[in-house]
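Let me begin by presenting the structure, written as structure tokens, before commenting on it.
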Amino acid sequence: MIPANLSEASEFRLMGFSEVAHLHILIFVILFPLYIFTLVENTVIALIIHGDNTLHTSMYFFLTQLSCLDICYLSVIVPKVLENLIVGTTGVSKIGCAMQMFFFLFFGVAECFLLAAMSFDRYVAICCPLHYTVMMNQRVCKSLVAGTYLCGTAVGLVHTTITFSLPFCGLAINHFFCEIQPLLELLCGNSTPSEIQVIAVAVFAIVCPFVMTIYSYICIISTILKMPSAESQQKAFSTCSSHLLVVTLFYGTASSMYLRPKSSYSATVDKLLSLSYTVVTPLLNPVIYTLRNQEVKGALRKRWRNINFLL
């Protein structure tokens, strides 16, 4: 029997980790400190870069934007997850669910294109070093960042509007936030057109910037291999190795979530992948950039000395 159309209902229910209810406290105890630590480290990185004139370059401008995106992306999802872990199944209004989906897509897609912009910055720095300051001036950098936000807005609006204009035959979302695939499971009738829509969005939001990033790195590696000495090759590669690690981490988790057929969908696996994508990536991004970047570490040490002097 086909469930009744529930599109007039005002609230969804987030099931969260209901299948492992006995582990809720443990997950909360692990997740809450990670959330706070991630917020703090990304905030510190952004403030350090903003307050140090030696770091006012295009690369660090993009890194500041990445930290801000990670903070916002994390805060769209994790507070609701923590609430779910404490009280169990929680309700979320349709408007609230639509807003959560929009901002999830907005920040996620913006980060995809920001990583592509950062790869272009590394391409110019290594392949066109004499023209770097001209090509990556302040106006260009701000335009690239504005473009990433514009792409995020477009994808978020289109996908959220289409999804929530369709009839739902269920209200229990088997996830810890208003994620795309669990909502598609609640649509009445044949959800194939909506699934095609998700794949199309994934192609635009993930594959397109990924291809741009790969092309940039093909050019970068080709240029590095032509350098005359191993020392110059190592120095050039060190300027983009952190970004390459972040790109691998980001696209590895993103592709495992969205570039797979509906037939392989598993709620438990999807929740674990979403949790890693949501929490682990923003947690590791500042660590990767800080531990492998002498300039950022130098700025952190200088700020720490200034704080100790004032104390």
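Cβ from N, Cα, C; glycine included.
Unlike curated records, TrEMBL annotations are generated automatically.
Small disclaimer: the values here were computed from a predicted structure and weren't measured.
The feature domain 'G-protein coupled receptors family 1 profile' is assigned by TrEMBL to 41-289.
Here the transmembrane segment (20-48) has Cβ contacts under 8 Å with residues 55, 63-64, 67-68, 70-71, 74-75, 78, 81-82, 85-86, 88, 279, 282-283, 285-287, 289-290, 296, 299-300, 303 of the same chain, all six or more residues outside its ends. TrEMBL lists 20-48 (among others) with the feature transmembrane segment.
Residues or ranges marked as transmembrane segment by TrEMBL: 60-82 (among others). Counting residues 6+ beyond its ends, the transmembrane segment (60-82) has Cβ neighbours under 8 Å at 14, 16, 28, 31-32, 35, 38-39, 42-43, 45-46, 49-50, 90, 92, 100, 103-104, 107-108, 110-111, 114-115, 117-118, 121, 141, 144-145, 148, 176-177, 246, 275, 278-279, 281-282, 285-286, 289, 295-296 in the same chain.
Residues annotated as transmembrane segment in TrEMBL: 102-124 (among others).
According to TrEMBL, the feature transmembrane segment maps to 144-177 (among others).
Long-range Cβ contacts of the transmembrane segment (197-224) within its own chain (Cβ-Cβ under 8 Å, at least 6 residues beyond either end) map to 105, 108-109, 112-113, 115-116, 119-120, 122-123, 126-127, 151, 155, 158-159, 162, 180-181, 184, 233, 236-237, 240, 244, 247, 251, 254-255, 258-259. Here TrEMBL flags 197-224 (among others) as transmembrane segment.
Marked as transmembrane segment by TrEMBL: 236-254 (among others).
Among the features that TrEMBL reports, transmembrane segment is placed at 274-291 (among others).
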**Winner by Cβ pairs under 8 Å against the transmembrane segment (102-124), considering only 144-177, 236-254, 274-291** = 144-177
**Prompt:** Against which stretches of its own chain does the transmembrane segment (236-254) lie, if we need a Cβ under 8 Å and a gap of at least six residues from its ends?
**Reply:** 66, 108, 111-112, 115, 118-119, 122, 125-126, 206, 210, 213, 217, 220, 223-224, 227, 273, 276-277, 280-281, 284-285, 288-289, 292-293
**Request:** State the residues, same chain only, that lie 6 or more residues beyond the ends of the transmembrane segment (274-291) and have a CB under 8 A from a CB inside it; answer 'none' if no residue qualifies.
**Result:** 31, 34-35, 37-38, 41-42, 44-45, 63, 66-67, 70-71, 73-74, 77-78, 81, 175-177, 179, 242, 245-246, 249-250, 253-254, 257, 297, 300
